[in-house]
Amino acid sequence: MAAQKDGWVFSFSFLLFCASSIPAQGSVSLLQELSPQEYFSSLQAGRASLAYFSHKTSPGAQPFLEQIENSAKALQDYGISVVKVNCPKEDASRYCGKEDALRKAYLFRGNVLIREFPTDALFDVNSIVANVLFALLFNEVKYVETLADLQNIENALKGRLNMVFAYVPATGTAEHRAVMEAAFVYGTVHQFVLTTEATLLKDTGSDEPDVSSARLLFCHCQRATDLAQPCRRTAMGQALTMLNIHRHLKLMGAPLVTEVAEDPEKVSTVHLQLGLPLVFILSQKETYEADRRTAEFVAWQLLGKAGVALLSRDLVDLNVLLQSNVALKTPDEGVPIKYLVLEDTDEVITLVEDKSKVEEIQEGEEEEDEDEKENNNQDVQDDQVVEAVSRDKKRELPLEQILALTEETFDSALLKSAQTVVLFYASWEAVSLAVLRSYTEVADHLKGTRGVLLSRVNCWDWPGVCTKENVTQFPTIKIYKKGERSVMYDGMWGTEELTSFIMLSRAPCPLKLATIDEAEGYLRGEFPSELSSYHHTSVLGVFSTATSEAREAFEEAGNILSGHVTMGMYFEDDALALSRKYAVSPPALLLARSGGRSVEGIALSKQSSQDMVQMIRYELLDIFPEITVQNLPRYLQLGKPFLILFSDGDIGQMENKEMLKLAKGRRQQAFVACWLNLKKTPVGRGVLKAYFATVPSLPLLVWVNLHAEGQVFKFPSEQTITEMNVLSWLEKLKAGLEIPSSTLSEEDWKPPLPAYDFLQMMEMAMPELPLHTSHSHGDTPRPPESLGGDTAIREEPSQEPKAEKVGSPGRDLRGTAPRLAAREKQGKRHSEL
């Protein structure tokens, strides 16, 4: 209602101004005619009056008297009376007796003479009003002739008042009058400064100023505190009229950025009331500070041309806000708000200054949407991850539980919690967006877990943070603990694996145990209790006082394996008694499987940390594992042939027993015995089709060497799967007595289409740019034009704080979502290849 009331007041003032400008037909003249005695006796203290002393027989004064009479109404509006004083012939006083006095007009305040005006300086209404107000407002309007005078006034005003600086080619003009009338109204709010010096206009920094035209600059000195820096200036783009100056000052007095928390259709600001558009920068609480700086930067650029509002998606429940980063509301009645996706703040400014740009952007987005639909209907995609991300991009990710970090908040966030998990990603990169989905599921699993903070850094927006943290690929997850080195995750990107890594990283690795009871409890999985559901095998290192070198290597191995395994360490005086219980001597490893029901003792013959890491990883592999997409890489790294039992569900008891006996006796054998459940891992059907063209009857035992020759052998279906039968069959394979069912192609596993050579494409488009073919360590590459951000993901956001704080301000809207590059679509084919 307050905004609406302001609009009514302005409209009423405008009508009153217009009404006062219409000459009144047949109205009574406001020019008083008095004798000298009557005039001086009527003067009142504090009241201003303009007097012209004349003899009745002065025909040459008639043109001047007409202008004086015409100005009486305008001066009366400012409380100034206009009087013609008729001098008697015999009057020889100061004002009536001398000939030169009769060619002047006199301005009094009370009975004090303020100024004498030659009548040829008061040649029309504008000159009369301008000069009279200029004389009366001598203290409110400073006249300057040099840049030094202007700077002195600026410095005196900094931190206190704003300044209105006006240049007029000459005094007594219509522009001079408009400035004086504005000073009369606003002189107690702003300091007015006037000049007629054209060189001073150039010195203020105006580009190619037209010295024949009046100019007005609003100088924001109230915000300035640095004496070495000039006040920020905003030029008035319209002609110098009283109405335009009033409008400009009203805009300068409005808040730089308006924060709104309601439907944009209901928002009304002074800019809309004065016929200017309103730009909404969309934000969210995670990136509020960065978004606020962006809004302020845009507001400074558009000051006097449009208003800027910061609209929080968290407070307004509109789906369209999730698919845009900028909105534009025009003052035109019935015109809907336009929601847009822009790439940087330059586009926002162009949007306001060039109205045709709105239609261009909307047409471009519609064309891209059509291209996207067409691409989604194609049978072949370059990358299945890109395809999956593109297919689900309309689904909003629940990122509320994941803290978005920026350059300013990164270091402080690491101090907030005992353990801070940070996902470093790029909002334009498909794998990053796929991992971000898993990360949100991890956040849901760990909701309410004390001492764990999940956060994210968009390296496309904050490359400085990622370079500082030595992030050279996307995505990367690191865990930070107070006073410790960060740990980088190098496992699978599934929700279960990520959750396990985060939880296991909470415990010290290795965990130092003080008593045999603690060590026994650790082997049973009772210690630490909060991690019992996240691991299957516990590793306990047992060391005597004489094995300090092996103990140090074990500790270093623990640092490397942190998050992947639980490791304990016991090195008290009675360590020998503990190790003998499991038939080993220190230094040794004790592996507890299945909650301590099975403990295996292994002597440590190699004492380097890398050897221990390799040994522990090997020993932690299951004896007869079920192969899944998640654990397959671990077994492929062994570089051994696979003996795989394919089953359509769980394998039978007899097959499990026989294969387990076979696997336990494999210590000296160079193959991996495993099984694959087609119901849990459907991709196994595709594997079988690649081996045999069709899926054979199950269960089926297969021998395949993926690392040499690629031959696939099928165990005879007429034979029962027993340890003896399988060993006998393997001997025949070794002797070359079996014929392979198929042989895998030696062709490398490559993407179906070549990758884009972005540097080459850029070089062809802009050969004048010296492009490098490699990035230095820690550099963050620019995103490809063919990939776009997920339009349902809220990103955090960068701008210029209070105008000068951050370098290269306002180039992109880091906090807005979707990312400004989100118009670039994913999932497109290499149609040009």
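Placed from the backbone N, Cα and C atoms, the Cβ positions cover glycine too.
Under the heading compositional bias 'Acidic residues', TrEMBL lists 361-373.
What TrEMBL lists as compositional bias 'Basic and acidic residues' is 792-805 (among others).
Among the features that TrEMBL reports, compositional bias 'Basic and acidic residues' is placed at 821-833 (among others).
Per TrEMBL, the feature domain 'TXNDC16 N-terminal' maps to 30-133.
TrEMBL lists 134-255 with the feature domain 'TXNDC16 second thioredoxin-like'. In terms of DSSP secondary structure, the domain 'TXNDC16 second thioredoxin-like' (134-255) contains 45 helix, 23 strand, 54 coil.
TrEMBL lists 256-347 with the feature domain 'TXNDC16 third thioredoxin-like'.
Taken from TrEMBL, the feature domain 'Thioredoxin' applies to 402-502. Sorting the domain 'Thioredoxin' (402-502) by DSSP state (H, G, I as helix; E, B as strand; all else coil) yields 34 helix, 24 strand, 43 coil.
Residues or ranges marked as region 'Disordered' in TrEMBL: 359-384 (among others).
Per TrEMBL, region 'Disordered' is recorded for 771-833 (among others).
Residues or ranges marked as signal peptide in TrEMBL: 1-26.
Regional average pLDDT for the domain 'TXNDC16 N-terminal' (30-133) in the model is 83. Only pairs six or more apart in sequence are counted, and the domain 'TXNDC16 third thioredoxin-like' (256-347) with the domain 'Thioredoxin' (402-502) gives three or more Cβ pairs under 8 Å, enough to call it a contact. Residue counts for the domain 'TXNDC16 N-terminal' (30-133) by DSSP state, with H, G and I taken as helix and E and B as strand, are 41 helix, 30 strand, 33 coil.
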